[in-house]
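**Student:** Attaching a single structure in structure tokens format; questions to follow.
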Amino acid sequence: MKWLHKDLLDVSQLSKSEVMAIFETAGRFQELQERPVKKVPTLKGRSVILFFAEPSTRTKTSFDVAGKRLSADTFSLAKSSSSLTKGESLKDTALTLQAMAPDAIVIRHWCSGAARFLADRLDCAVINAGDGRHAHPTQAILDSFTLHQEWGDIAGKTILILGDIAHSRVARSNVVMLNKLGAKVRLCAPRTLMPPAVKSWPVQAYSDLNEAVKGVDAVMCLRLQLERQKDGLLPDLREYARTFGLGQKHIDLANPDVRIMHPGPMNRGVEISSDLADSAGSLVLDQVSSGVVTRMALLFLYMTRKGEE
Ligand code: CP
């Protein structure tokens, strides 16, 4: 497939056939993970800047691993060690990075819209690694790739996204992606952590976990994003864990062979019980492995594109 997009800002930009092309490319890179030497020269001489203005373990490391396995040169810039701490604007930071002529910039930023801000000003590919509560497209791509590996077709499956929906860019991107692939999406959260706009989303919304989990094929747990919450949304963390923390009693209400997912980082004992996180149905570490191959696929497609948007 001729790749037309310069930037990846959210999964809403992608058609279903483009998502399938990403999966197919990631599938080809998966075979590479089994080899003793996991490196190919595909992106030799190309460079990627990883600009992470918020903390990250999985996304940053997997983009770094993905770039290096394709022989690209990867360079990391964190907020704490950048001139953002001296008051430099995002625009000046972006233009400075562009002057170093990278082929792609992967950006994570606390502001919704930061990735678009860069994409509108830079010639190189811009890949959104999470912007505020807006979008986390590469997480949604790796999540659906993980389910695609399990089931083949996701169409017709029922998937519950559970937890802090209001502050979650993962939930927003996954709602779009899972609908695109034909899944039925349920959301469950306390009323204070469910965004009012959910009324117009293509989902079924619940505030009772015992109802929400009945008959589902997969549960995606979300981290409580305490750093993004205003005071007073949750009176008591223990009460939240008791009412909305996923445990075995909920899994007993779901479909047999229900898959359990979490984008990480997990608060064990809060949004998910530790036993479930480590159980046979858990795909948490499969999601991490999928993150490497799907990000290899994305770097390959965005950095070798010849099309016009
Ligand atoms: N899922 C996710 O984005 O994890 P990190 O914050 O560790 O990158």
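Any Cβ shown, glycine's included, is placed from N, Cα and C.
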**Student:** TrEMBL has Arg58, Thr59, His136, Gln139, Gly264, Pro265 binding carbamoyl phosphate. Which one of Arg28, Arg108, Arg186, Arg305 is in the same site?
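**Tutor:** Record check against TrEMBL: carbamoyl phosphate site with Arg58, Thr59, His136, Gln139, Gly264, Pro265, extra candidate from Arg28, Arg108, Arg186, Arg305 is Arg108.
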**Student:** What's the most sparsely packed of the binding-site residues Gly264, Pro265, counting other C-beta atoms within 10 A?
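**Tutor:** The binding-site residues Gly264, Pro265 were compared, and Pro265 has the fewest Cβ atoms within 10 Å.
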**Student:** Restricting to the same chain and to sequence separations of six or more, state which residues have a Cβ under 8 Å from that of Arg223 (L-aspartate binding site).
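**Tutor:** Arg223 (L-aspartate binding site) has long-range Cβ partners Gly163, Asp164, His262, Pro263, Gly264, Pro265, Met266, Asn267, Glu271.
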**Student:** Where among the binding-site residues Arg58, Lys86, Arg108, His136, Arg169 do you find the Cβ with the fewest other Cβ atoms within 10 Å?
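**Tutor:** So among Arg58, Lys86, Arg108, His136, Arg169, the binding-site residues given, the one with the fewest Cβ atoms within 10 Å is Lys86.
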**Student:** Going through the binding-site residues Arg58, Thr59, Arg108, Arg169, Gly264 in sequence order, which have a CB under 6 Å from an atom of ligand 1?
**Tutor:** Arg58, Thr59, Gly264
**Student:** Measuring C-alpha to C-alpha, could you say which of the binding-site residues Arg58, Thr59, Arg108 are within 10 Å of Arg169 (L-aspartate binding site)?
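**Tutor:** Taking Arg58, Thr59, Arg108 one by one, none has a Cα falling within 10 Å of Arg169 (L-aspartate binding site).
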**Student:** Rounded to an integer, what is the Cα-Cα distance in Å between Thr59 (carbamoyl phosphate binding site) and Lys86 (L-aspartate binding site)?
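**Tutor:** So the alpha carbons of Thr59 (carbamoyl phosphate binding site) and Lys86 (L-aspartate binding site) sit roughly 26 Å from each other.
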